[in-house]
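Annotation source Swiss-Prot lists active site, glycyl thioester intermediate at CYS195, citing sequence analysis. Summarising the annotation, Swiss-Prot assigns active site, cysteine persulfide intermediate to CYS359. Annotated ATP binding site per Swiss-Prot: GLY47, ASP68, ASP75, ASN76, LEU77, HIS78, ARG79, LYS92, ASP136, ASN137, in sequence order, evidence recorded as sequence analysis. Here Swiss-Prot flags CYS178, CYS181, CYS253, CYS256 as Zn(2+) binding site, drawing on sequence analysis. Taken from Swiss-Prot, the feature domain 'Rhodanese' covers 302-400, and the record attributes it to sequence analysis.
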Amino acid sequence: MNDDQWVAGISKKDAGRYSRQLLVDDFGVSGQKNLKNLNVLIVGAGGLGCPVATYLGAAGIGTIGIVDYDHISLDNLHRQVAYKEDQVGKSKAQALADNIKLQNSDLNVQVHNTSLDSSNAMQLFKNYEIVCDCTDNVATRYLINDVCVLLNIPLVSGSALRWDGQLSVYHYGSDCPCYRCLFPSPPDPNSVTNCNEGGVLGPIVGVIGSMQALEVMKIAAKVRTTLAGQLLLFDGREGKSRTIRLRKRDPKCEVCGDNPTITAPIDYVLFCGAGAHDKIENLKLLELSDRVNVTEYRNKRREQKPVLLDTRPSLEFEIAHLPEAINVTLKECRSLSAEDISNRLGLQNTEHSDVFVICHRGNDSQRAVLLLREKLVDIKFRDIIGGYEQWALKINDMFPLY
C-alpha cells in the first residue's frame, strides 16, 4: 500500500478548522458537508441576527444571506455585539457581512441592504434553504412566514423582550404548524411592544440567537430533535427555560392549509394595521390646540414654573427628567381617581389651570391627555409634541436620549 494514499471524508483544511464539531455525535462529517452546501437567509441584522450570523459563519455555512436596511446606532451596541463603535452609522447588513468574513474568509455572504416587503420577498427567499426570522415587528413576521410556506422553506423564528425570549421552528415536516396556524389574526397594534419601547437585555438576544443558529445546524445535519412543532420559552430573570408542544398544522390555515387562500404575498401593513418596521410611529390623537411643541413649553417654563406630568414608567423617569416633572405613569392615569391625580400634581394648592403632559416620544402623553381631561374637566391638559426626544434634539442636546 502507498503511504501517500488515504480516504478523505473531508478536506484537511476543513478537518482542522471544524474538528471539534466533527467529533460530535449525530453531526460529524455528513453534518459538516451539509452545512457547507447550505444557503441560509437571515432576516434582520440586529440583536438576534448578530449571534445567528456569527455562529453560523463560524460553523462553516456555505452561503449566508443577510437582509436589513437599517444602520448601526450607538444604542444598538449593548445587544448587537457583532458591531463596534467605529461602525456606528454604517449599514448593518454590510457591517455584519464584513465582520463574519473576518472570522471565516471561506464564507460566501450575500448582502441584501434593502427593506423586505411583499414585492421582493419571493425573489430574495427563493435561493435559500432555511430562513431565520430575526425581526422585531408583526407585519414582517407574517410576511416571512407566508413566503417560507409558499416556497416550502423551514423557518427558524426567534424573539426577545425585556428578560424573556422565545424560539420555534415553523413549517418543517408535514404536521408542523406555520406561524399563521397559531396566530391567524394579528394582534391589536396598540397591544404590541417591541424592544424600542419595552427594552431588552443583551444576553437574552444572545441566548435566543445562539439557539436559532443551533436549530439551523440541527436541520442541516438532519438531527431529529429540532424545535419543530414546539415553542421554547426562556426566562432570563429566573434562569429557567421550558418547552411547550404546539398544536399541529391547521388544515384550515389560509397559507399552509389543505385549501389555501393566500397563494402570494399580501399587503401586510394593511393586514396588521402597523408598519413593517420596529420604529415607533408618531401618533396624532389630539387636535393641535391640545398640543404644544418643545420650544413653546420652554418659553412657558421661563415665564413661570408650570405643572408638568410625566407619564413614563418609573424606570424611564429615573434615567432623566425635567426638574419640575411629576411622575404619574400612564397606567396610573387610567387607574387613579381624579382626586388622587389632583393631589399628586398639587392642583388643590395652586391656581394653575393648565397641566402639560410629557412622555418619551409624545404618544403616551397624548393617550394620557385623553384620559385626564375626562377625569379633571376643569383643567386644560396639553401634550408636549415629541416628548423628551424632541427636547433633547431641539432644546438641550445634553439631555439623555435612549
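Cβ atoms here come from the backbone N, Cα and C positions, even for glycine.
A map of Swiss-Prot features onto the structure.
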residue : record                                        : DSSP (3 states)
GLY47   : ATP binding site                              : coil
ASP75   : ATP binding site                              : helix
ASP136  : ATP binding site                              : coil
CYS178  : Zn(2+) binding site                           : coil
CYS253  : Zn(2+) binding site                           : coil
CYS359  : active site, cysteine persulfide intermediate : coil
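Within the set of binding-site residues (ASP75, ASP136), the lowest number of other Cβ atoms found within 10 Å of a Cβ is recorded at ASP75. Taking the mean position of the Cβ atoms of CYS178, CYS181, CYS253, CYS256 as the Zn(2+) site, the remaining residues of that chain whose Cβ falls within 8 Å of it are ASN145, VAL149, TYR170, HIS171, PRO177, TYR179, ARG180, LEU182, ARG249, ASP250, GLU254, VAL255, GLY257. Note: the CA-CA distance between GLY47 (ATP binding site) and CYS178 (Zn(2+) binding site) rounds to 23 Å.
Sequence-distant neighbours of CYS256 (Zn(2+) binding site) (same chain, 6+ residues apart, CB-CB distance under 8 A): VAL149, HIS171, PRO177, CYS178, ARG180, CYS181, ARG249, ASP250. For LEU77 (ATP binding site), the count of additional Cβ atoms within 10 Å of its Cβ stands at 16 [all protein chains shown]. Each residue contributes its Cα atom, and for ARG79 (ATP binding site) and CYS359 (active site, cysteine persulfide intermediate) those atoms are 25 Å apart.
When the binding-site residues GLY47, ARG79, CYS178 are scored by other C-beta atoms within 10 Å, GLY47 scores highest.
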